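Visitor: Under the heading site 'Increases basicity of active site Tyr', TrEMBL lists Asp113. Annotation source TrEMBL lists substrate binding site at Asn151. Taken from TrEMBL, the feature Mn(2+) binding site covers Cys173, His203. For 198-421, the entry in TrEMBL reads domain 'Glycosyl hydrolase family 4 C-terminal'.
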Amino acid sequence: MMSAPKITFIGAGSTIFVKNILGDVFHREALKTAHIALMDIDPTRLEESHIVVRKLMDSAGASGKITCHTQQKEALQDADFVVVAFQIGGYEPCTVTDFEVCKRHGLEQTIADTLGPGGIMRALRTIPHLWQICEDMTEVCPDATMLNYVNPMAMNTWAMYARYPHIKQVGLCHSVQGTAEELARDLNIDPATLRYRCAGINHMAFYLELERKTADGSYVNLYPELLAAYEAGQAPKPNIHGNTRCQNIVRYEMFKKLGYFVTESSEHFAEYTPWFIKPGREDLIERYKVPLDEYPKRCVEQLANWHKELEEYKNASRIDIKPSREYASTIMNAIWTGEPSVIYGNVRNDGLIDNLPQGCCVEVACLVDANGIQPTKVGTLPSHLAALMQTNINVQTLLTEAILTENRDRVYHAAMMDPHTAAVLGIDEIYALVDDLIAAHGDWLPGWLHR
């Protein structure tokens with residue numbers, strides 16, 4: 001009989017996320033007896049997760065053991081897979097700080113977890129903790145594969161492979177497969193009939209090919225159909241989660257202009273570019289339905305929802321959940337059993353995309369099997385897509401350099417190069433904003449920033 005893997009969750013207090021990933025894991029034959037090590041610094045949330053995971057395991061007929069840890073290195077000991085999902089500084093205080101301080105300086109944001117001052121501050125708070133995980137893995141589970149779900153994905157992944165190139169890791173997001181499902185829904189077609197090739201950077205990858213299978217087995221380009229549906233007002237459909245604030249106009253307008261559809265949502269994309277959020281331009285906000293402050297609103301709703309769900313889970317005799325669209329269980333199964341699969345992952349650009357900087361973090365299709373995660377070569381992207389991505393890579397490059405070399409100047413430079421910030425603020429205003437953010441975050445940030 002095949003031995004069972006050890007799967008360690010760092011940030012296991014993110015119960016909803018743990019539930020989705022482990023719900024998938026427990027339904028895979030080869031992973032049913034896995035040892036699940038849950039680690040979180042918050043003992044209360046850790047216990048909540050433990051209750052949910054135990055019920056999930058029993059409901060799925062899985063029979064592995066569950067251990068709970070508040071010490072990271074202990075949880076990582078001899079792990080085969082390390083799933084990382086946490087938010088340093090949480091919604092309060094840090095996300096609130098990112099939004100409130102920026103707003104005082106006249107800069108509005110929608111999500112603030114990837115780029116811009118919000119993404120930059122989140123990277124500075126987060127990367128030292130990711131490095132500590134890499135440090136501990138080097139010591140107690142050097143052959144483990146890390147599955148990183150923490151934003152800002154590109155900067156986090158880049159900072160880890162720059163300092164710990166020996167750690168096997170991939171950055172995971174669900175925007176590629178998630179958007180493909182959304183587009184199928186917009187066109188009333190079965191997502192299983194789609195075939196696509198996607199590439200770029202995290203939250204700004206594009207479907208280079210998007211096709212659907214016809215009755216005779218051949219494939220046809222879906223883009224003309226998608227454009228026609230948008231022009232006729234039939235797409236996009238209302239938000240699948242019932243969120244009326246997010247209407248997906250930005251992405252369809254970008255599709256019209258660029259000829260390719262982007263993977264990350266309209267509310268994200270609006271703040272990665274200089275065109276949608278400008279002071280005194282309520283007409284743009286209205287026309288493109290840009291949901292300002294979307295992330296804080298979402299956090300408040302999710303926290304309220306979670307308390308309600310948690311009570312239900314505690315009282316339920318069993319928990320049955322539908323498979324999620326997350327790649328984690330697919331990757332673990334493929335590496336553990338050798339059964340090959342293809343996922344989209346964030347990895348180092350080692351000759352994968354020719355017209356993006358070598359060494360930057362790119363999102364491409366990866367083959368996964370017993371040899372691990374093997375990124376596939378894309379070649380050259382359409383020049384206008386590469387140019388757009390480069391504006392975001394500029395910020396990622398400078399922030400990664402800032403933290404690797406402990407250079408505060410590069411933090412200002414990263415903010416200056418951010419397309420949205422640069423469209424709204426002057427250079428002295430950007431410096432003042434960065435100073436205020438660093439002061440407001442205090443000890444959540446690395447000490448060298450306060451020297």
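Placement of Cβ uses the backbone N, Cα and C atoms for every residue, glycine included.
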Visitor: As a test of reading the model: what is the averaged pLDDT for the domain 'Glycosyl hydrolase family 4 C-terminal' (198-421)?
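Guide: 97, rounded to a whole number.
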Visitor: Run through the Cβ atoms and count how many others sit within 10 Å of the one on His203 (Mn(2+) binding site).
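Guide: The answer is 26.
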Visitor: Where does Asp113 (site 'Increases basicity of active site Tyr') sit in DSSP terms: helix, strand, or coil?
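Guide: In three-state terms, Asp113 (site 'Increases basicity of active site Tyr') counts as coil.
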Visitor: What is the total of other Cβ atoms whose distance to the Cβ of Asp113 (site 'Increases basicity of active site Tyr') is within 10 Å?
Guide: 22
Visitor: Nearest of the recorded positions to Asn151 (substrate binding site) by CA-CA distance, picking from Asp113, Cys173, His203?
Guide: Asp113
Visitor: Ten-angstrom check, please: count other Cβ atoms within 10 Å of the Cβ of Cys173 (Mn(2+) binding site), all chains counted.
Guide: 24
Visitor: Distance check, please: Cα of Cys173 (Mn(2+) binding site) against Cα of Asp113 (site 'Increases basicity of active site Tyr'), rounded to an integer number of angstrom.
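Guide: That separation, Cα to Cα, works out to 13 Å.
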Visitor: Any idea what the Cα distance is from Asp113 (site 'Increases basicity of active site Tyr') over to His203 (Mn(2+) binding site), rounded to a whole Å?
Guide: 11
Visitor: What count of other C-beta atoms do you get within 10 angstroms of the C-beta of the residue listed as 'substrate binding site', across all chains shown?
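Guide: Neighbour count, Cβ to Cβ under the 10 Å cut-off: 21.
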Visitor: May I ask you to report the DSSP-based helix, strand or coil state of Asn151 (substrate binding site)?
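Guide: Note: Asn151 (substrate binding site) is coil by DSSP, not helix or strand.
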